[in-house]
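Below: the structure, in structure tokens.
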Amino acid sequence: MPRYIAHLDMDAFYASVELLRYPDLRGQPVVIGGGRRHQPALLADGTRRYARLAEYAGRGVVTTATYEARALGVHSGMGLMKAAALAPQAILLPTDFDEYRRYSRLFKAAVAEIAPQIEDRGIDEIYMDLTDVPGAQDAVGGDPLGGVRAVARAIKENVRRATGLTCSIGVTPNKLLSKLCSDLDKPDGLTVLTEADIPARIWPLPARRINGIGPKANARLEALGIRTIGELAACERQWLVEHFGPSYGAWLHEAAHGRDDRPVVTHSEPKSMSRETTFERDLHPRADREQLGALFTRLCEQVAADLARKGYVGRTIGIKLRFDDFRTVTRDQSLPSPTDDARLIRHAAGQCLKRVTLDRRLRLLGVRVGGLRRKEEVARPGPPVAAEPSAPYTLPLF
DNA sequence: TCTGGGGTCCTAGGACCC
DNA sequence: TCTGGGGTCCTAGGACCC
């Protein structure tokens, strides 16, 4: 029996949620990003006044853009100042993560009514295992994929009914291919394919589209004359291993042939939690010492609050600094026992900070707690346990 | 016009233990 | 006096993803 793995990606998620609130913006280039300063203003006549990208000044980046804004060359991750140069008249809205999280829960619940085997991949996408969903294995009118296609359509319809939003779905035998396919027919798309379709549908795509080939690996591939997934598939495994190492090289070979046996993981525990902030202007370690210290303490308090709210403690405390030249350094330190105490975190983070040479202005400061455990599963620090009676004799190794 | 914030995983060297 | 080797933990950095 074939596996039917699906990947669902909400279409321009943040921007689409905003359009539900501000339907008058539908059809216009809209960009989401930056701080709260460009909140729409409600005018006396009941209409709203929106900020234009041209009015923005600061260090924010584009979080999402509507398809109309993308047509002007604006993409997520782009600096807002650069986006403003491309599309000065585009509407700028601040990000409202609470609202996006609310819609995220709504769409996931709608999916779960039909396909309960869900792997969370962030706020706007999920994998689903449709293999055991009733009807997924049925042929429809001689089409062996008719059953899964109908299931996927039902999921899309349920999401739309619950949220008013559209999504795109890819259904294939594995996660790697499904992720690729959910992107082939956006927005409001549905792409179903089997292994037999790989040469015609997958191999013409740029290698960069594979989840796991980022800007660095792609640049190295291009330098070797490899641009498409098909060109990658044509490479000998051994040759890829020689150029990219045993692990990544072998994976590149598998990926290019559309092979991936990772399961859909329906539950996972967090490994770390962090808070970081980029300053409006670069701060000097000495001249702005007080401000930095206050910021540092606040980050520690925020991570501590995040840990407590979610019921975790952690024992590896780390800091992250970014200098004005964009160089990033991290330092961490493991404590004897896990904590969610802001003062303990602040102290350990302070120790970490002492190990960094502060010879430049800073643009970012971050605090992270790793090595997480569920708080209720960690033994209370009780009275010291009596030492084991020392062994009378240690077995020699040889 | 310089590049957010929240994560995961991998690699690699050194300490330390058996 | 020098020689092995495996395992785990700790730390730093980097690639990648949403």
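Placement of Cβ uses the backbone N, Cα and C atoms for every residue, glycine included.
In TrEMBL, annotation is done automatically, which means it is predicted and not curated.
As written in TrEMBL, here are the features:
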ACT_SITE  A:Glu125  active site
BINDING   A:Asp9, A:Asp124  Mg(2+) binding site
DOMAIN    A:5-214  domain 'UmuC'
SITE      A:Tyr14  site 'Substrate discrimination'
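Spacing of A:Tyr14 (site 'Substrate discrimination') relative to A:Glu125 (active site) is 12 Å (Cα to Cα, whole number). Residues within less than 8 Å, Cβ to Cβ, of A:Asp9 (Mg(2+) binding site) and separated from it by at least 6 positions along the same chain comprise A:Asp124, A:Glu125, A:Cys167, A:Ser168, A:Ile169, A:Ser182, A:Asp183, A:Lys186. For the domain 'UmuC' (A:5-214), the mean pLDDT of the prediction comes to 96.
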